[in-house]
Every structure is written in C-alpha cells, then in structure tokens.
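**Q** This is the structure, below, for whatever I ask next.
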Ligand code: MRU
C-alpha cells in the first residue's frame with residue numbers, strides 16, 4: 001500500500017460485517033467522508049451515483065454488499081436462500097451496465113453455492129464472506145503485478161498522460177493505470193503525469209489529481225481538449241488508462257474520451273497502454289460494438305458543477321459515460337498475467 005494513501009480505503013466490510021464502508025467519491029476532493037451501506041438499495045444507489053466507482057471497486061462493493069444481504073436472509077432452506085440471493089444479485093447487477101467487473105463479481109459469488117451444493121445455509125454464508133474477501137485480495141495483488149509489468153515499459157523522467165481515474169480510488173489498492181506510476185514513485189522514477197480533467201464528471205480533476213498529489217507525484221491537470229497540445233510539445237511519452245470491459249478482439253471500453261486520446265496518441269507516435277485485470281476481459285463480447293455503453297443524466301452535462309445552467313433549456317444532450325477504443329489503436333493491454341494484446345505495428 002502506498003503510505004500516503006493508506007488512510008483512503010475505497011471499500012471495506014465494517015467490523016461486524018453487517019455493512020459495507022465506502023469512501024464517498026462524490027465528495028472528493030473537498031471532504032473524505034465514509035458511508036456505511038447496509039442494504040441492497042444502499043449499495044445499488046452508491047454504485048449508480050458513483051459514490052463508489054471504477055470497474056474493480058464496484059465489483060468489490062457489490063460482492064461485499066451481496067454478502068451483507070446474504071447474512072440477513074432469514075431461512076435455513078437452501079432453495080429459498082438461493083432464490084433470495086439471486087434476487088439481490090440481479091438487482092445489484094443492474095446498477096451500472098458497462099464495467100464487467102460488477103456482474104462478474106456477483107456471478108462469482110453466486111457460483112460459490114454451486115461449488116458447495118450440499119452445504120448448509122450457515123456454511124454458504126461463511127463461504128460467501130470468504131469469496132468477497134478473496135475478490136478484494138486478488139484485485140490488490142493483480143494491480144501490483146500489472147504495475148510491475150507496465151513499469152518495465154517505462155523510463156525514468158517520462159511524461160505520462162492518463163484519462164479518468166484508474167487509481168487507488170478505483171480499486172482496492174494501487175490502481176490499474178496508476179499502479180506503474182506509484183511503483184515508479186516509490187523507486188524514484190520522477191514521472192511527470194498529465195491528468196485529463198475528464199468531463200463531465202471530472203474524475204481526473206477530482207480524483208486522479210487528488211490521489212496523485214496526496215502521494216507526492218508530479219501531476220499537472222489539463223482540460224480534456226488540451227491533450228493534443230501537451231503531446232505536440234513532446235511532454236508525453238506514454239498514455240496509460242484503465243478499462244471497464246475488454247472484448248475478445250482487444251477492443252476496450254473505458255471512460256468517455258479515451259478513444260479520442262488513443263487517436264491523438266497514434267497521431268503523435270506515443271504508445272497507448274491499457275491496464276486491466278483479467279477479470280475485466282469478457283470473452284462473450286466479440287468486439288467493442290457488443291459492449292453496452294451506459295448513458296447518464298443530461299444534467300451532468302448542462303448543470304452539474306456550474307452555479308447556473310450552462311445550456312439552453314430544451315437542448316438535446318447525449319451523455320455516454322464510456323466509449324470503445326478499437327484494438328488497432330492500443331499498443332498493449334496489460335493484465336496481471338502479462339500482455340493480453342500487443343500491437344507491433
Ligand atoms: O464512471 P467511472 O468513474 O466508474 O469510470 C471509471 C473508468 O472509466 C475507469 O478508467 C475504469 O473503470 C478502470 S478503473 C481501474
């Protein structure tokens with residue numbers, strides 16, 4: 001764990017294991033406020049409202065949430081228990097559509113019942129607790145491994161541009177895209193990071209700039225439309241981003257704007273790396289067109305962050321939360337097991 005960030009814990013179970021504690025990311029960078037989620041509705045709303053966000057973190061929050069709800073299912077009958085658990089699982093799965101980690105973590109939790117079909121309900125509950133904790137532990141270990149693999153592709157003093165927040169706040173520890181940056185920081189690499197602000201929800205400004213500054217990393221915040229300028233000036237030697245779903249052909253869904261950054265990187269001859277744990281790979285999606293892209297409230301574009309509305313009342317708004325970067329624009333997809341996709345063009 002990066003020392004300076006050890007006080008920020010994105011998601012955890014509370015001591016009595018009857019609630020999920022999350023750091024409310026909608027309150028950052030102004031305040032570090034923790035919320036305790038005690039029912040399925042709390043967890044659904046926290047994920048939907050991006051109080052907890054980032055693909056791996058929502059998977060972990062949902063797994064913990066499912067366990068907390070499972071504990072309260074008041075029956076010893078395995079059939080009735082399974083039915084209740086399935087209802088909560090399906091409900092939580094619908095909180096956000098694009099990050100596969102959400103449904104994958106919930107599927108994995110339910111699968112525990114299938115792998116121990118003869119176990120009693122109390123044993124199932126204990127197994128669900130262990131599975132949720134394992135999802136979290138595996139995420140932390142994956143992030144570190146991805147960071148090490150990516151760091152080998154980087155050199156001290158490089159300028160690195162990142163989009164959205166794929167850092168400590170988006171996972172359990174270290175982050176995906178920010179993991180090599182933190183490891184480099186620990187080893188004196190002196191990276192200079194450019195963080196896109198990431199309209200409309202400002203994950204780059206509010207979260208990436210916040211956690212990198214807190215960790216003492218040299219970070220410069222830019223508006224999304226400034227990426228071309230910093231690349232043209234020769235200040236960026238690598239782009240590193242996270243991902244929400246990786247299709248079988250290597251197309252990647254990530255925060256809206258990522259594909260534009262990849263096009264710019266190709267134009268300027270800058271390598272574009274995507275970091276994601278294997279849990280983000282969805283082999284049932286043949287390509288990026290099969291990935292469901294979340295569309296969010298128009299108010300995020302017209303009003304949020306402004307003191308007055310900044311768009312005509314009746315204007316049509318299109319507010320996709322993610323986009324797909326085609327695999328041809330990606331230099332490498334780095335997972336905890338090594339390279340899932342490498343483009344040698
Ligand atoms: O809408 P968000 O903030 O959940 O979007 C997050 C991203 O797009 C991240 O880049 C992605 O989830 C990877 S997080 C390690």
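Cβ from N, Cα, C; glycine included.
Unlike curated entries, TrEMBL annotations are predicted automatically.
Pasting the relevant annotations from TrEMBL:
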- 244: active site, proton donor (ACT_SITE)
- 53, 54, 55, 96, 203, 254, 255: substrate binding site (BINDING)
- 164: site 'Transition state stabilizer' (SITE)
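Explain the structural surroundings of these features, please.
**A** In the three-state DSSP reading, residue 244 (active site, proton donor) counts as coil.
Remark: residue 53 (substrate binding site) has 25, 47, 165, 170, 203 as non-local neighbours, by Cβ distance under 8 Å and separation of at least 6 in sequence.
A coil conformation is recorded for residue 164 (site 'Transition state stabilizer') in the three-state DSSP classification, outside any helix or strand. Shown in sequence order, 196, 198, 203, 204, 208, 241, 242, 254, 255, 257, 258 are the residues of the chain, 6+ apart in sequence, with a C-beta less than 8 angstroms from the C-beta of residue 164 (site 'Transition state stabilizer').
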**Q** Taking the recorded substrate site as 53, 54, 55, 96, 203, 254, 255, identify the other residues of that chain whose CB atom sits within 8 Å of the mean position of the site's CB atoms, giving them in sequence order.
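**A** Here the non-site neighbours turn out to be 58, 99, 164, 165, 166, 170, 242, 244, 321, 322.
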**Q** When you measure from each Cβ to the nearest atom of ligand 1, which of the recorded positions 54, 96, 164, 244, 254 fall under 6 angstroms?
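**A** Cβ < 6 Å from ligand 1, in sequence order: 54, 164, 244, 254.
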**Q** Looking at substrate and its recorded binding residues 53, 54, 55, 96, 203, 254, 255, figure out the farthest C-alpha pair and report it in angstrom, whole number.
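**A** Looking at 53, 54, 55, 96, 203, 254, 255 as a set, their Cα atoms extend up to 17 Å apart.
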**Q** Find the shortest Cα-Cα separation between residue 244 (active site, proton donor) and the binding-site residues 54, 55, 96, and name the residue that gives it.
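**A** Spatially nearest to residue 244 (active site, proton donor) by Cα position is 55.
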